[in-house]
Amino acid sequence: MKILAADTTTASASVCVMEESKMLARRFRNPGQTHSRHLLPMIEGVLGDAGMDMRHLDALVTTLGPGSFTGLRIGVSTMKGLAMAKGLPMFGFSTLEVMAARFLSHPAPVCIMMDARRGEVYAQNFDVSGNIPKAMGPAVVASPHDVLAQIQGAFLFAGSGALLYRKEIMEQAGLQALWPGILAHEPDAGEAAFLAMAAGRDAALPPHLIMPLYLRKSDAELQWEKKL
Amino acid sequence: MRILGIESSCDETAAAVVEDGVKILSSEVASQVEIHHRYGGVVPELASRHHVEAICPMVEAALAACGMEAGDLDAVAVTQGPGLVGALLVGFGFARACAFGLNIPCVGVHHLLGHIHSVFLEPEKTPPVYPFVALVVSGGHTGLYHVPDALTLELLGQTRDDAAGEAYDKIAKIMGLGYPGGPVIDAMAAEGEGGRVFFPRAFLDKDGLDFSFSGLKSAVARFLSEDGGKTSRADIAAAFQDAVVDVLVSKAFLAVEKMGCRDLAIVGGVAANRGLKKKAAQEADMRGIRLHMPSPFLCGDNAAMIAAAGYHYLQAGKVLGLDADVFSRATDPGRVAVRHR
């Protein structure tokens, strides 16, 4: 199976082309500007790097969020457009799961924390001791305090939220925090492609079933609920 | 030349296939009116979220309705702006990727130019002759344009505050009639007598072509609170509608006269308003001007008009690069064919 994967759920953007267990080409950029201008050129570039064009692909992979609402929609919409054009099936994975996949075979579980602003993080814990990440609970949007209160013992911490709230994590009693290298805190399309390969061709879906994962409702809905 | 049109600038997700810029093969629109209803206006984040859900089903439906497959398309045309950035990005990202995947050109259409091309899409109606004057009037826009050719808009005048459709929404909200206000007030006005109440018309500078609707909104609100329910709501709706229509029609025909044109196009969501249609037709008859107003299904946002305008972008070689982006404001310089006259 040959696949193209993309992630634009945070400030960084990444795309890759993978064939079975082999990474053929990968591009990453972290320009801190809109992904809208850069995603298609990156896709064209990475296909060229892999010596391929759209006709060679068997499936497309996108991260679903959580993350920047606009950023994740650029990725999801773009990949849906490609899928519709070529009649390709799609895979969609939570950005939290994709980030956890970097730590596979690590004996300690990992707590992925992405900065969700407003003093909150998008967070989820995964058992990464096996060959795919296993969620230990639901993905949440919550204060770092509430996330940390749920966990004990040795944990890896990764993500923009983990970096932002490093002090709170280090001060949390009963936690033994482990820190990966600085390059492990951004999601990457490579792990999304890997998860698709692990899931297998039969797990792919038609593009209309691929939906973003926001975790947080829109402000209008939150205010409406407050009024009720 | 069969073009897939895609529109997602506000609260409608639309896809259409149009041949040679004039013949609609299919046109599908998913409206989000129900979603935004309780907020009394369009919520940008919710609109964006629903575009992502609706985009694939709309494009699939538009292709299926004319028995085509994606591979049969010659080009993709998509609304590039103006509009809500988050909403635009869904259609824009999808459309450009779709064209890239099919290895066909993609063009980025100015939303208002799209509306103007809605008067070229009905074979039973004679299209306007260039140059003509266009009044674009909707929930987000109220402007008068001189249209010298298929790809140029010259701004003659525009609202200084609320769009006409926005005034309808706000009055409907004050009167507790729900959202969107246009169709409700139009229907209610038909039951009422406009002459029982008089609201001021904001003509501003008599010779000018700018509009203002915020004063009218305040006058209606003041009247409602002072009247205490003595006047029927139908009569108030009729009086309000008369005031809006009077200004729109007189400024539109003033523009036609100033530009020496023989054709006037009135397009956009408010062009479906029956009161406006009636008054504009009377005035056109009296002055010997050819009036062009699309059928209601082409007044609101749709993708057929985007594909129709897109045909002319394509003919002119205005094709998008892979690094193109959306724009939010109607007059963003350098990106569009709009210029001030």
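Cβ coordinates are placed from backbone N, Cα and C, and glycine is handled just like the others.
Curation does not apply to TrEMBL; its annotations are automatic.
Counting every protein chain shown, 27 other Cβ atoms lie within 10 Å of the Cβ of B:His111 (Fe cation binding site). DSSP assigns B:His111 (Fe cation binding site) to a helical segment in the three-state reduction. Residues annotated as Fe cation binding site in TrEMBL: B:His111, B:His115, B:Asp301.
Counting only same-chain residues at least 6 apart in sequence, those with a Cβ under 8 Å from the Cβ of B:Ser138 (substrate binding site) are B:His115, B:Ala163, B:Ala164, B:Gly165, B:Gly268, B:Gly269, B:Val270, B:Gly300, B:Asp301. According to TrEMBL, the feature substrate binding site maps to B:Val136, B:Val137, B:Ser138, B:Gly139, B:Gly140, B:Asp169, B:Gly182, B:Asp186, B:Asn273.
Residues or ranges marked as domain 'Gcp-like' by TrEMBL: B:23-307.
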Number of other Cβ atoms within 10 Å of the Cβ of B:His115 (Fe cation binding site) across all protein chains: 29
Fe cation site, defined by B:His111, B:His115, B:Asp301: further same-chain residues with Cβ within 8 Å of the Cβ centre: B:Glu7, B:Ser9, B:Thr79, B:Leu112, B:Gly114, B:Ser138, B:Gly268, B:Asn302, B:Met305, B:Ile306
Cβ neighbours within the same chain of B:Gly140 (substrate binding site) - under 8 Å, at least six residues apart: B:Cys10, B:Pro82, B:Gly83, B:Ala163, B:Gly165, B:Glu166
Pairwise CA distance, B:Asn273 (substrate binding site) versus B:His111 (Fe cation binding site), rounded so that it is a whole Å: 20
Rounded distance in angstrom between the Cα atoms of B:Gly182 (substrate binding site) and B:His111 (Fe cation binding site): 20
